[in-house]
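Reading through the structure tokens given below for one structure.
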């Protein structure tokens, strides 16, 4: 037991030293600098395993004001078999966020990917409607009042701006969007409800134009869409904001090579668009990135801040 006690003490000492080195090195906080300009948050994506890494957690706690669950709130994680829900990973992240004063963006309720086969196999309209409503209601009820915003539907457009083929669009047509948003609004009226997508980098691109066109139509029909989430730059961000939503956010930012200028341009784009409320980078360290080979994040594989990190701080 004495040996074990010494081992635990040593681990704790190393963790505290690591955290201390990180905090000493990072005199500024991106979140504090960003929110000083009137924005709501500068956040990151994470999950339980990453938050249990001491170096990663120290950076999250020090530098970021918002968390998006990378995988733990997706359908295959929360409802892998019909009616049997698992909230262990999502609970951990939400509890951590509450304890450390971080906002949470729920990600994601309706997505064609990471979808259990039992959902993909549904071909009956009434069955899918019931399943969709039950899933959204169960997940959102658990975290009611604890989530700043939800990505209600995710990546539903093709590159030409048409609706993507999925079990939802095949069986329900575009009405699945109405069903999803109306259900979400009824469960948690205080949460901001988002439609989220990628490759919305140009105002003239077909996908961007399709997003704006559909959102305008859905808003006119009374569908309660509050925001559009994207990884984008100024021209497209302005176009998305003009769709009639009350806010937009940059939700899944990572840039291959982590160009300082590209990162600064994105930050400035959000600062320049009044409706842009926040930025979320998709991870902390290149070590844990889903595309680590392209070194896309603000911290390298040794948890050291990169040039892009320092450039953002300087720009703010």
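Cβ coordinates are placed from backbone N, Cα and C, and glycine is handled just like the others.
Taken verbatim from Swiss-Prot:
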- 155: active site, proton donor (ACT_SITE)
- 252: active site, nucleophile (ACT_SITE)
- 270-276: disulfide bond (DISULFID)
- 44-315: domain 'GH10' (DOMAIN)
- 1-19: signal peptide (SIGNAL)
Looking only at the recorded positions 252, 270, 276, residue 155 (active site, proton donor) has its closest CA neighbour at 252
Using Cβ-Cβ distances, find the residues under 8 Å from the residue listed as 'active site, nucleophile' that belong to the same chain and are at least 6 apart in sequence, listing them in sequence order.
45, 68, 196, 198, 229, 231, 280, 282
Given a separation of at least six residues and a C-beta threshold under 8 Å, show me what packs close to residue 276 (disulfide bond) in the same chain.
39, 237, 241, 247, 248, 249, 250, 269, 270
DSSP says the residue listed as 'active site, nucleophile', in three-state terms, is strand
For residue 270 (disulfide bond), name the DSSP secondary structure in the helix/strand/coil scheme.
helix
